[in-house]
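Enquirer: Got a structure for you, questions after.
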Amino acid sequence: MTVSDPVVEDVVSTISRTATEIRQGLVGRRGTVDEENPSGETQAEADIWADELLEGRLTEIDGIGEYASEERATVVDCGADPDGDAYAIACDPLDGSSNLKSNNAMGTIFGVYDAALPARGDTLVAAGYVLYGPITTMVLATEESVSVYEMSGGERRLVQSDVTLPEEPVVYGFGGGVSNWPDEFEAFAREIETELKLRYGGAMIADVNQVLTYGGIFGYPGLESRPAGKLRLQFEGNPIGYVVERAGGRSSNGHRSLLTIDPDDLHERTPVHVGNAELIDRLEDRPT
Ligand SMILES: O=P(O)(O)OC[C@H]1O[C@](O)(COP(=O)(O)O)[C@@H](O)[C@@H]1O
Ligand SMILES: [Mg+2]
Ligand SMILES: [Mg+2]
């Protein structure tokens, strides 16, 4: 099934082809390099490599005006104007790349914004992620629906359309470390852990995919030591918020939808909570 917007279709098929190469190219690129990304985190060899592959391909697409990623300081200008007819793409080339060491799941996240970056999440026209699990899958949310594809040989094959979160939540995963959680979040987490089953793997994409599959909640809260949390709004929070909201769930920074935050900076961080609406409502009901 192709996406009705031809530029978005071009982006999605380019990411499908590139993701297959990224997956194969992880072999031999598990080490870190002596560089930090704009968020001050040590980069893996694979982070830089995946970013360069995606940048090279996506900036060639007609109708794409900007490319930005977690791994580069500034927006790449590709000529067309995202405040006019063109779109802007924001990527997390490898989400969860610290899992390379232990060979656990990782992903590639993308958002297609109809605005110059940094942009609000409610200007997204599509967003999704590739999950490098035992099977490489893509979850794609557009204005029309949320679909799941299995990827093989650079092609994507639809396996589920009109995806919605299961009504009965089953799993939860919260990042950041209990000793670093603010008291209010800890109290919420204590409640949730008596109701749901823990699933936390250290790659947001893999953890969110469990929430989408089984129902539940994923959160990376603001921390005592870092009130804005760890995850980045443009590359992680917004795309994942868009996917989960399109699938009938909710996203939040603890107070309101991630998609309604006016960004000040390309690399700004935000607390991220996504999942079944009833659970996100309960989280927001607690004063923080
Ligand atoms: O190691 P922690 O604190 O649990 O952090 C895990 C979180 O960090 C991330 O790995 C950050 O993403 P990157 O790997 O793209 O920097 C998330 O995927 C994940 O949810
Ligand atoms: Mg990430
Ligand atoms: Mg990353």
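Cβ atoms are placed via backbone N, Cα and C, with glycine included.
Summarising the annotation, TrEMBL assigns domain 'Fructose-1-6-bisphosphatase class I N-terminal' to 22-151. According to TrEMBL, the feature Mg(2+) 1 binding site maps to E70, D92, L94. According to TrEMBL, the feature Mg(2+) 2 binding site maps to D92, D95, E236. Per TrEMBL, substrate binding site is recorded for D95, G96, S97, S98, Y200, K230. The annotation domain 'Fructose-1-6-bisphosphatase class 1 C-terminal' is assigned in TrEMBL to 165-284.
What's the neighbourhood like for each of these?
Expert: Annotation for D92 (Mg(2+) 1 binding site): spatial neighbours S69, E70, G107, T108, I109, F110, R232, F235, E236, P239, criterion Cβ-Cβ under 8 Å with sequence separation of six or more.
Residues near D95 (Mg(2+) 2 binding site) in space but far in sequence (CB under 8 A, at least 6 apart, same chain), listed by position: M106, G107, T108, I109, Y129, A203, M204, I205, E236. Under DSSP, D95 (Mg(2+) 2 binding site) is assigned to a strand (E or B) in the three-state scheme.
Residue density at S97 (substrate binding site): 26 other Cβ atoms are found within 10 A of its Cβ, drawing on all protein chains shown.
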Enquirer: Write out the long-range same-chain contacts of Y200 (substrate binding site), meaning residues 6 or more apart in sequence whose Cβ is under 8 Å from its Cβ.
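Expert: Result: G173, F174, G175, D207.
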Enquirer: Work out, from DSSP, the number of helix, strand and coil residues along the domain 'Fructose-1-6-bisphosphatase class 1 C-terminal' (165-284).
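Expert: Counting residues by DSSP class gives 50 helix, 20 strand, 50 coil.
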Enquirer: For the C-alpha pair, I'd like the distance in angstrom between K230 (substrate binding site) and L94 (Mg(2+) 1 binding site), rounded off.
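Expert: On Cα coordinates alone, these residues lie 15 Å apart.
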Enquirer: Can you go through the binding-site residues L94, D95, S98, K230, E236 and pick out those with a C-beta less than 6 angstroms from ligand 3?
Expert: L94, D95
Enquirer: Please name the residue among the binding-site residues K230, E236 whose C-beta has the most neighbouring C-beta atoms within 10 angstroms.
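Expert: Per the Cβ count within 10 Å, the most buried is E236.
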